[in-house]
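**Q** The feature transmembrane segment is assigned by TrEMBL to 17-37, 44-65, 71-91, 196-215, 227-246, 297-326.
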Amino acid sequence: MAPPQGPRAPLEFGGPLGAAALLLLLPATMFHLLLAARSGPARLFQALVLTALLVGLGVSAGLPLGALPEMLLPLAFVATLTAFIFSLFLYMKAQVAPVSALAPGGNSGNPIYDFFLGRELNPRICFFDFKYFCELRPGLIGWVLINLALLVKEAELRGSPSLAMWLVNGFQLLYVGDALWHEEAVLTTMDITHDGFGFMLAFGDIAWVPFTYSLQAQFLLRHPQPLGLPMASAICLINAIGYYIFRGANSQKNTFRKNPSDPKVAGLETISTATGRKLLVSGWWGMVRHPNYLGDLIMALAWSLPCGVSHLLPYFYLLYFTALLVHREARDERQCLQKYGLAWQEYCRRVPYRIMPYVY
Ligand SMILES: NC(=O)C1=CN([C@@H]2O[C@H](COP(=O)(O)OP(=O)(O)OC[C@H]3O[C@@H](n4cnc5c(N)ncnc54)[C@H](OP(=O)(O)O)[C@@H]3O)[C@@H](O)[C@H]2O)C=CC1
Ligand SMILES: CC(C)CCC[C@@H](C)[C@H]1CC=C2C3=C(CC[C@@]21C)[C@@]1(C)CC[C@H](O)C(C)(C)[C@@H]1CC3
């Protein structure tokens with residue numbers, strides 16, 4: 001079966017070498033972070049071996065929630081293994097999928113690269129869409145569950161959860177609740193429309209999101225932080241500003257894409273493109289070319305601040321997320337330039353900043 005993209009098409013993520021390195025680096029980073037959140041670096045190898053031994057025992061669902069934080073390492077190992085096996089299944093499944101079901105990327109002919117990126121665009125069995133399910137369910141819900149377990153454990157240890165723990169739990173619950181509330185919006189993200197379903201997304205959804213996105217709460221359990229009301233209020237304000245921009249920008253674009261004559265967006269200025277679709281050039285999308293990323297990054301800052309500034313670990317999410325969004329923005333720009341050509345160039349001329357006005 002001929003792949004839709006020839007071996008000489010430009011490869012992303014550093015090609016096969018980059019994909020091979022990421023296959024090892026991503027799980028290694030996640031385990032390192034999990035360990036760094038709980039103790040000194042000397043326990044890294046002990047803990048990995050312990051995790052490998054514990055995985056055989058599995059975890060039963062009936063355990064009290066406060067016991068979960070102690071099981072994060074074995075659970076992360078199981079999640080990683082599941083992501084590997086699941087990606088293997090997806091790779092095999094793509095071998096028998098029709099060419100029309102394959103993703104525009106992820107079909108280079110190099111097995112490591114294709115395993116990493118994913119060959120099939122939206123693998124399904126009957127009506128069950130694996131990618132849509134994984135993107136929103138196990139990772140996001142697992143993340144909230146781990147956060148909650150850390151809050152319960154802190155209450156067990158110290159009598160009540162700290163203000164910092166409440167803030168981190170509240171902010172991240174709002175973010176996950178928002179994603180589930182607006183779940184149809186995920187259908188227009190490049191993960192669903194462009195990327196295949198391979199190791200990158202499977203690992204991201206099943207392991208990376210629940211275990212590394214909960215790092216701030218993990219950190220707070222072991223490193224309690226005093227937080228006064230004025231500082232807490234300032235952090236809440238930062239999160240509210242971030243959320244306002246994130247939600248405002250995403251909703252404006254979603255409303256416009258669904259119905260351009262909706263009164264909420266009908267008055268906005270647009271650029272016509274040769275495809276018949278229009279681009280917003282005022283409102284949130286006239287401020288920068290990715291206002292939703294800006295809001296997301298401001299929220300990421302608010303999630304780290306309750307952890308103080310004594311340690312870099314709680315800021316991992318902010319740093320990783322900045323890198324992810326800068327890379328994602330570059331990929332999206334490339335795809336938009338291909339799709340909209342001159343109209344996209346005109347948009348870039350009228351809205352010169354990508355994410356942060358006057359900075360980037
Ligand atoms: N927490 C996390 O780990 C992650 C969160 N996110 C968040 O997910 C959300 C979705 O992000 P993502 O899918 O990357 O990208 P966007 O939601 O920004 O979608 C980009 C697409 O929007 C359309 N578009 C771009 N500019 C305009 C314009 N001016 N007018 C109208 N349409 C336009 C184009 O598609 P078209 O024209 O075809 O409609 C473009 O391809 C973001 O809020 C992001 O922050 C993303 C990744 C990870
Ligand atoms: C493991 C790698 C380093 C990176 C993997 C990336 C994935 C973790 C992210 C790719 C796009 C994502 C989105 C969300 C979560 C993270 C992943 C899967 C998202 C579901 C978070 C909530 C948002 O409201 C959203 C817009 C629905 C997000 C969609 C993209």
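Cβ coordinates are placed from backbone N, Cα and C, and glycine is handled just like the others.
TrEMBL entries are annotated by machine, without manual review.
Describe the structural context of each listed feature in the structure shown, including burial, neighbouring residues and relevant distances.
**A** A Cβ distance under 8 Å defines the sequence-distant neighbours of the transmembrane segment (17-37), meaning residues of its chain 6+ beyond its ends; these are 43-44, 47-48, 51, 72-73, 76-77, 80, 110, 112-113, 115-117, 199-200, 203, 207-208, 211-212, 215, 218-219, 222, 313, 316.
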**Q** When you scan the chain for residues with a C-beta under 8 Å from the transmembrane segment (227-246), skipping those not six or more beyond its ends, what do you find?
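**A** Contacts of the transmembrane segment (227-246) (Cβ under 8 Å, skipping residues fewer than 6 from its ends): 162-164, 167, 171, 174-175, 178, 284, 291-292, 294-303, 305-306.
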